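A.B. asks: This is the feature table in TrEMBL:
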ACT_SITE  Lys116  active site, N6-AMP-lysine intermediate
BINDING   Asp33, Ala34, Gln35, Tyr36, Asp37, Ser82, Leu83, Glu114, Arg137, Glu174, Lys292, Lys316  NAD(+) binding site
BINDING   Cys410, Cys413, Cys434  Zn(2+) binding site
DOMAIN    594-667  domain 'BRCT'
Amino acid sequence: MSTITQVHLNELKQRIAELNYAYYVLDNPLISDAQYDELYRQLVEIEKHHPEWITPDSPTQRVGDKPLSHFESVTHAVPMFSLDNAFSQEDLMDFQRRVKERLNAQGEIEFSAEPKMDGLAINIRYEKGQLIQATTRGDGLVGEDVTHNIRTIHSVPLHLLGDGWPEILEVRGEVFMSKKVFNQLNSEYITRGEKPFANPRNAAAGTLRQLDPKIAAQRKLSLYLYGWGQISDDWQLPDTYDAAIACFKTWGLPTNPDAQVVKGAQGMSEYYEMLIEKRASMPYEIDGIVYKVNALNTHQRLGFTAKAPRWAIARKFPAEEVWTRLLDIEIQVGRTGALTPVARLEPVAVGGVVVSNATLHNQDEIERKDVRIGDMVIVRRAGDVIPEVVGPVLAQRPADVRQFVMPHFCPECGSEVVKETDKAVYRCTGGLYCPAQRKRALQHFVSRKAMDIVGLGDKLIEQLGALEIVKHPDDLYRLEVETLAAMERMASKSAQKVIDAIESSKQTTLARFVFALGIPEVGEVTAKNLAHHFLSLDAIQQADKEQLLEVADVGEIVAEHIVTFFQQPHNQEVIKGLLEAGIHWPTPEQKAVVEDSVFANKVVVLTGSLQQLSRTDAKQKLEAMGAKVTGSVSAKTDYVIAGEKAGSKLTKAEQLGISVLTEAEWIEMMGEMNG
Ligand SMILES: NC(=O)c1ccc[n+]([C@@H]2O[C@H](COP(=O)([O-])OP(=O)(O)OC[C@H]3O[C@@H](n4cnc5c(N)ncnc54)[C@H](O)[C@@H]3O)[C@@H](O)[C@H]2O)c1
Ligand SMILES: [Zn+2]
């Protein structure tokens, strides 16, 4: 502390004053609340050691700031104070100790404990039971008149219920926006392409500052009471804070259901544990707990500092939202080959843990949020949810930020990256080669319906992969008994069994082999159809999109996946390795399909609009299976394949009792037949 000079102090005061102006007046904070709280704490600390340096214009001596408003200014009958902060259990103990000392009290103090709602303070004035004015806190002495907007809050009575209320009653509470309303509002903004609100507090502030009360009415604000201002002299307050609040409740005023009376440091800490646990599931955001000495006769004795009551304290929760620098955006390749952009952050504490990475979900999300590398970003971590980048702080965007571009090649294996049609997902196409996809590729390759290698379980695959003994499926065929026997929980006998299984898997079918490659969207049935259509692996590899579309059950997306998969040199390398290892199969018989076909020599009529295939493709496929495709339904018709909105032909078929198939049923039948 000795190195602190008055020059430092003045700089700090100047800085905090600027930050206050940006936050309270312009509604545009320059730093995060957590960062602000830290600067403010430093100021308090210095002034504690040098009380002689405290000046009336110090931020510690003033509440908020005067708003620049379109609304009328209102001088509060009783000033609206802020709260002192406690950041630890220790701070709370100090608070209780100070209270006890001042009151010269013995034993435990009783406190009212309640959630610190993250919104804005409002004073609501009732005269003769009638709501006549609602004002913001402003600088604590003068606020702005927002009566028109407060009147739109359904839970706030325009006239007090019951009777017995004082002629003049000012109640104070927090206006806030629930998480649900906030999320709805923001998704509407996003769909309209407008900039969403940073958080519910900001949204509530923005809503209260609307001139048109219809907007506030639509946005559904909420309010809970937590105190009072001026009250007629002839009315006697109850003895305790909680009884006063309960009394207001009987007049129809909304109060926080989570408020509780607790005793001493132990009680305060139990309430803290309870509420922090509950925080994520609460319908509105809270940023801490407010503890107030419950006995009202003590409040006058304890009094106020320049800024806050001495009978209350706000125990802040760890911030769920902080600001930090986005150092880079890196790509993570998942086990299915999906590429996820991950934010690399300057390490920062958020929600109680230090975070240096956060998900950015996908490219669309980065564009929508307009996050750029080098930006100051808002990072959020609520409850156990993984940390997320909410968006950039545009006020602090440096000139040299960089736009993120999705790489064209997989950072793990160098294979081509493709964007999946109609999805926001980018995927690595090097399925057989990519180390990120290794485990999944191998598990699939050895599975029963693929190469059917018995004894190669997940644990073993994991070990072989991790040790880089088996990087790609072709490495399996180079395994030796000794290598396998050295793995965990393996003996030479079981190792030999696995080697035998690998050996016998070499004799397979083309369909199994194609399925084993793990081409996206190519399941067992599609693999069979490909095998029986093209008859050789070469033909499948060389087929273009048009040719692939001729195959039963192959549509645009599947065809694209197949073409891209075989285009990857790395995949080709692995396939070559597999064939060199001795994998072989008998040539599938094309004829067999036609002979076996239920459609061989049958008369088929297509009607309605087909979803998966064009009319021409469907006709070709039926003919390939030996069917005769005709245009009109008669007694000679064997099958009618009815697409959507099928009309008279379908009716006729039904009248004649002809078998009708839906498009899906037909495609399924083709798949089964080709096996
Ligand atoms: N980022 C910035 O640049 C910047 C600048 C200034 C202030 N701030 C933030 O604002 C805070 C200070 O604001 P403040 O002066 O309004 O204090 P505060 O919000 O920390 O606490 C006082 C307020 O708490 C609210 N409150 C909620 N629940 C309550 C309850 N149950 N009982 C009583 N009051 C309750 C009231 O509105 C009251 O005015 C700072 O700690 C910081 O987080 C940030
Ligand atoms: Zn890859």
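Start at 1 and count along the chain as shown; that gives each residue its number.
Placement of Cβ uses the backbone N, Cα and C atoms for every residue, glycine included.
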A.B. asks: If I take the alpha carbons of Lys292 (NAD(+) binding site) and Cys413 (Zn(2+) binding site), what is the distance between them in whole Å?
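C.D. replies: That separation, Cα to Cα, works out to 60 Å.
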A.B. asks: Checking the binding-site residues Gln35, Lys292, Cys410, Cys413, Cys434: which ones have Cβ within under 6 Å of ligand 1?
C.D. replies: none
A.B. asks: Please compute the mean pLDDT of the model over the domain 'BRCT' (594-667).
C.D. replies: 84
A.B. asks: Given Lys116 (active site, N6-AMP-lysine intermediate) and Cys413 (Zn(2+) binding site), what distance in Å do their CA atoms have, once rounded to a whole number?
C.D. replies: 50
A.B. asks: Which number gives the other C-beta atoms within 10 angstroms of the C-beta of Lys292 (NAD(+) binding site), all protein chains shown included?
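C.D. replies: That number is 24.
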A.B. asks: Sequence gap of 6 or more, Cβ distance under 8 Å: name the residues on the same chain that satisfy this around Cys434 (Zn(2+) binding site), in order along the sequence.
C.D. replies: Val333, Gly337, Cys410, Glu412, Cys413, Ser415, Cys428, Ala441, His570
A.B. asks: Assuming the binding residues for NAD(+) are exactly those in the record, Asp33, Ala34, Gln35, Tyr36, Asp37, Ser82, Leu83, Glu114, Arg137, Glu174, Lys292, Lys316, what is the maximum CA-CA distance in angstrom, rounded?
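C.D. replies: Overall maximum Cα spacing for these binding residues reaches 26 Å.
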A.B. asks: As a test of the contact definition, list every same-chain residue at least 6 positions from Asp37 (NAD(+) binding site) whose Cβ is closer than 8 Å to its Cβ.
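C.D. replies: Same-chain residues close to Asp37 (NAD(+) binding site) (Cβ under 8 Å, separated by 6 or more) are Asn85, Phe87, Lys316.
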A.B. asks: So how many other Cβ atoms are close to Asp33 (NAD(+) binding site), meaning within 10 Å of its Cβ?
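C.D. replies: I count 19 other Cβ atoms within 10 Å of it.
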A.B. asks: So what sits near Leu83 (NAD(+) binding site) in its own chain, CB-to-CB under 8 Å and at least six residues off in sequence?
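C.D. replies: Counting only residues 6 or more apart in sequence, the Cβ neighbours of Leu83 (NAD(+) binding site) under 8 Å are Lys116, Val290, Ala308, Pro309, Ala312, Ile313, Ala314.
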A.B. asks: Considering only the binding-site residues Leu83, Cys410, Cys413, Cys434, which possess a Cβ situated under 6 angstroms from at least one atom of ligand 2?
C.D. replies: Cys410, Cys413, Cys434
A.B. asks: Can you give me the residues near the recorded Zn(2+) site, meaning same chain, not Cys410, Cys413, Cys434 themselves, Cβ no more than 8 Å from the center of the site's Cβ atoms?
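C.D. replies: The answer, listed by sequence position, is Val333, Gly337, Pro411, Glu412, Gly414, Ser415, Cys428, Gly430, Tyr433, Pro435, Ala436, Gln437, His570.
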